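For reference, the structure discussed in these notes is given below.
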């Protein structure tokens, strides 16, 4: 019962008591009223007595009812108390008792009976449902019980696993507590010590484990005592002698270890010892087994191999090597490649497939037969068997062993058997293709084989005993043979066959008539069949179908005719010879070259019989080489002197002729007359030489023209610049600016024309050198600012973190491209700005792609003009051309220079709003080893470097050039010595020491290149002095010549002061 039931019971009891009390009280009043009514008529003297008597009766009844009510209340109260006891007190006492039992069980190991008792114990609690609180306690108890059971079960399983593992270990193990008392031994320790575990446990380890020193048989210190004293592991370096309980002695090795708890406290020791006698016995057994295995291998005449699969290492025995005529030493160093080297190429794939199948575990073992090359050159058949002994964790084979057995004899026997079977099979197959018909002496068919059935379409049952061979022959053909044999006209037809046998003319061609009426051409041989007595018992006819052969003969004749037509139609000479280089045939063209009327007349002749007999021996040697090597000799050229003395050139090919068995039976050759082509090639070579000579002449002309056009500008620009500096504010300064501007415009036109001509002449190649890309762009923008006064020119470095990269490419070409783009932008922009942007488009540690964009706010370019913008002599339009000077070569040069550097250029423009030119160029990035100075820093130091008594030798044959260079250097305090040619420069170098030498290249007496080379070869103080070439020819050829002669740098004419100062500073810094 639960709490609600108990309350209902109490309420019902209370209601019952109230009801009884109410009923008794009202019944008493009612009876009292009735009594009053009954005694009302009584006389007065009896009224008092009657009332007293009724009251006593009513009181007695009331008291009886009260007593009954009390008894009922006592009964209800007793029932309530009993139910409460059953529902609450007894379960609580039961729970208390069982909790004590659980606590007792938790402190000991549970047996199966304990588990059953515990699982049955909480039944009384589960049967109590009076109060929910008791149910909660019961459920908690059950959860605790389950956890206890699971923990005990887990501990028992772990103990069982440890026990099984402990007992299964092959070494003897003895465990003690911290006092050195034995607490556990495994079976091996029991066996070796002779102490049963039940007797050894709780004994001191020294009593169970006693050892003697091997050297002197003195009692050895117990290793357990040492571990318990020191707390360190001990491993004996030498064996000791174990004394068993029964006195038996064994050699053992020992090691002992400390046993600690989770807190590192020493709890005991573990002693591990091993019986060496077992190892000795196992070693002896292994020797015996190896000997037995060796005897088996020798008995089977097998070679053994052992292969480390992943490393390729291979070990073999002597028999393995001797199978192929070697010793194992001769094959050293051994590896799997040794096996592959001697394996027959045709068998390699099969062996590899067998290995792969075994490695993939599709086959349990490896078993294959192949041929191995013997030392004497013949092949040996081998049966190879093996198996992988060790695999890696990921399933790869590591170690494999196996045997080789020589099965050459078996293979030879099998081959002979196969050949014999093939012969028999061939005979059988031939019988199926051959008609064999036998008759008796009267001509009745007695035998009709399968070949006859196939050939004629009749079944043997249709012919045997029924017909004669006359049924399958043409009567007119038989009579024709009879006439040929001169037989009588009325002779029976079958007798014609008999007569042909008698006359030994028993084999001839006949026509067979098949069942379907078709005809087949056969060769029929008829023989007599005799018995043992030599008597004729019949005839046997063997016929072979030659219908296909006759058809093939016809087709062969047609093919030969067609081949003859083809050979005589192709425009090359074809011939073939036998192994002695004797001609066996040719086509008509070859016969014509040999002055023969037909190819047939060539047969039997040799090369000595023709007009080219001078080359006959050479031709014969070629024939023999081709036939002996078995390899073709194709498309080689050779001269031939004809009988008329004319020299012709032939392009010849020869191949070996082989029969159907692959045997060389001659040589087939063909050639074509290439005399005209050789003459054309000679003409082409001559034309090429002439073109190259013309190209060289053009280069020389360009160099001379460059020198002659630039040289006059040198004094114009030089003196104008000097005068401009001395007259900064005078009116004449404007005149000088006009002169400089016109000269610069003229110089740019010269550069454009010469560069365009060199590019079209392919005379320009890139000369890569390292430089700072951002510095180059910044310098180009800075220099371009001199072209305009009313524009804002800015450089925007958009590289990552605004850093700079050292790149490797042709600096001069890239600078020329930037100058052209910036110059055009300034020229065609009247107001606004010109900006140069540098970006990294794609980064790679070796080759990165950079983008350089030149953007202006100028007049822009129409879409129509953009299509031809990079063509030579192309400008926006005619009016545009009239307004701005120039030839329209700048962008064409930019495009071609970018092609050389491997880059691309694109343009975006809107008419009237400006243009944007973008270069995309791949450049090699070079790691910086030092930080170069910026152009501004370098320029700021030039004056100081030259003013420090710098001595400069100027070698130039033109006084104007000397005067300009001298003035520029002396302006900053330098000292100048002049030389009029290369010879004078050499003389000056031998007399004085200089810091820098300016060397003109084009000088009389001795040019600058020769002078520089002699200075470098001299032993003067100027042997290592920097030499700067000053030249109007700055082509790639000149640059390479300068480098070969030891010239450090070169300057193009006309000289610019900043260019000269920067170059001198760079040379002085490096020197």
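Every residue gets a Cβ built from N, Cα and C, even glycine.
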Which range, 46-65, 66-85, 86-105, does TrEMBL list as transmembrane segment?
66-85
Using TrEMBL as the reference, determine which range in 6-24, 25-43 is annotated transmembrane segment.
6-24
Return the residues near residue 1000 (4-aspartylphosphate), defined as same-chain residues 6+ apart in sequence whose C-beta is under 8 angstroms from its C-beta, sorted by sequence, else 'none'.
955, 956, 957, 958, 961, 1008, 1029, 1030, 1031
Under 8 Å between C-beta atoms and at least six residues away from its ends: which parts of the chain pack against the domain 'PAS' (436-465)?
471-472, 494, 512, 514-516, 520, 522, 529, 536-543, 545
Local confidence of the prediction over the domain 'Histidine kinase' (704-925), expressed as mean pLDDT:
79
